[in-house]
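K.L.:
Annotations per TrEMBL:
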- 1-18: signal peptide (SIGNAL)
- Asp116: active site, nucleophile (ACT_SITE)
- Tyr175: substrate binding site (BINDING)
- 257-370: domain 'Pseudouridine synthase I TruA alpha/beta' (DOMAIN)
Amino acid sequence: MIFLRRAVMVVLIRKSVSLLAPLSKNCCRSLSVTIRDEDKNVADTIGRKRFPKRKVALLLGFRGTNMFGFQLQASQPELRTVEGEMQAALRRAGVVAQENIDDLKKVGWTRAARTDKGVSAARHVVTVKLELEDDDIEKAITQINAELPQDIRVFDAVRVTKGFDAKRSCDRRRYVYMLPHCFLMSLDELIALFSRITGRDQARILAFRQQIIAAKLGGIHVADTWSLTQEEKQCLAHELASYRASAASIEQLNHILQAFVGTKNFHNFTAKIQSTHDSAMRYMISLSADDFSVPLKEYPEQNMHWLRLTVIGQSFMLHQIRKMVAVAAHAARTSRVPNIESAQAIVNGLTDPKRDVPLQHAPGEGLYLGEPLFCSYNQFKSDDSIGRHQLKWEHDHPKFELIDAFRRDVVENAIIQDGSPAALLPFIDHLWHILLFGFRLSPDDHIELCNLDARDLIALHGDATHQ
């Protein structure tokens, strides 16, 4: 009926144009273009065969290396995003109402999580209303994948309730951070290695630090003479590639990961959120670190050692996980957490709403979204008897191998790069900044400079003056 109404409107517009002789040629030309466009839209809509709409949860994975985040950027539509690619693929595949696809909300679009620029996802869930021919979900998946680039894949589609919202129905989210063992190297070891490769000993590093502080606090531009050259970073990467952290360091890392569990005020672990704001309170469910290794690309008889940090929480703020990882790693490399009590003391200080501590964050290259979890929905809303299956894809799921292969071969391999030392370059930059600018694990730590952010410099001015 709605299409008939639109067709009638076009006819009425055509009749009106004949009565508009006084209008300028340019105005008439504009109206003519509008009418032709409307004719085309009506023809497309009327001519296309329609199928029943079914609200489904799409399980997809993507490699975010060349993406500007997950969410469509309305103000900068030219930026490549996962939602932008999905929108275009759904339009070309013809599996959604074409008159609604320009506004994703009109096709029932919701997302379980947002990811930042460069962050990948092994599993992500969105909802959309698909027009399914003969209720053939697998055919629709094939059609969508045929229109998607290879770094985005749709694995499954599951019928969901009308009220299902991917964000609101998601109880918790699981993120993974891939951490190289060299990230836990002690400060003494780091200073010795960096001094040998770069020729900058500890005294020179401290001199750099003092020059930067003095210049920054005086509002003077400082030449970037402290950055590592590309050649230096490559040499360091080869030296660090086969490094293996001690069991004691990994144990200390796990101590502080465990100390993050529970509901805490994470105002120091994000940006622009005051400790008094409700959103600063976040519930962490579990954190753990698992050891694994891959053959070193250039020397296959040796291994490159990594830790897979798994973080499960109800929800997360911007930079939160990366700052948690940075804190945990620095506590381990400085042997500050020999037991769970000492780890708890550090976390309590950093989550104290009355104390502000500028924190660095670990490189974004190590982070990816593992999966959103829908525990309550699976328990109370799913119903296999009517084809409304649970939203979980475990080892017994027929598509598990396909999904897990994408995680292993695409998402994680984008981080570890087939065991290439080049995978360590972002982490080397972070380690150098720690040596140069320090890292505060407590409000009482007197370190002149935490990073080069101007606000942090102002906050640390008092510390710098009495060092």
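Positions of Cβ are set from backbone N, Cα and C atoms, glycine also.
Situate these features within the shown structure.
P.N.:
Sequence-distant neighbours of Asp116 (active site, nucleophile) (same chain, 6+ residues apart, CB-CB distance under 8 A): Gly69, Leu318, Gly364.
Non-local neighbourhood of Tyr175 (substrate binding site): Thr310, Val311, Ile312, Gly313, Phe316, Ile321, Leu367, Tyr368, Leu369, Gly370, each in the same chain, at least six residues away, with C-beta under 8 Å from its C-beta.
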K.L.:
What kind of secondary structure is Tyr175 (substrate binding site) part of, going by DSSP in three states?
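P.N.:
The three-state answer is strand.
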K.L.:
Under DSSP, is Asp116 (active site, nucleophile) helix, strand or coil?
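P.N.:
Looking at the DSSP assignment, Asp116 (active site, nucleophile) belongs to neither helix nor strand, so coil.
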K.L.:
Looking only at the domain 'Pseudouridine synthase I TruA alpha/beta' (257-370), what are its DSSP counts of helix, strand and coil residues?
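P.N.:
Going by DSSP assignments, the domain 'Pseudouridine synthase I TruA alpha/beta' (257-370) contains 37 helix, 34 strand, 43 coil.
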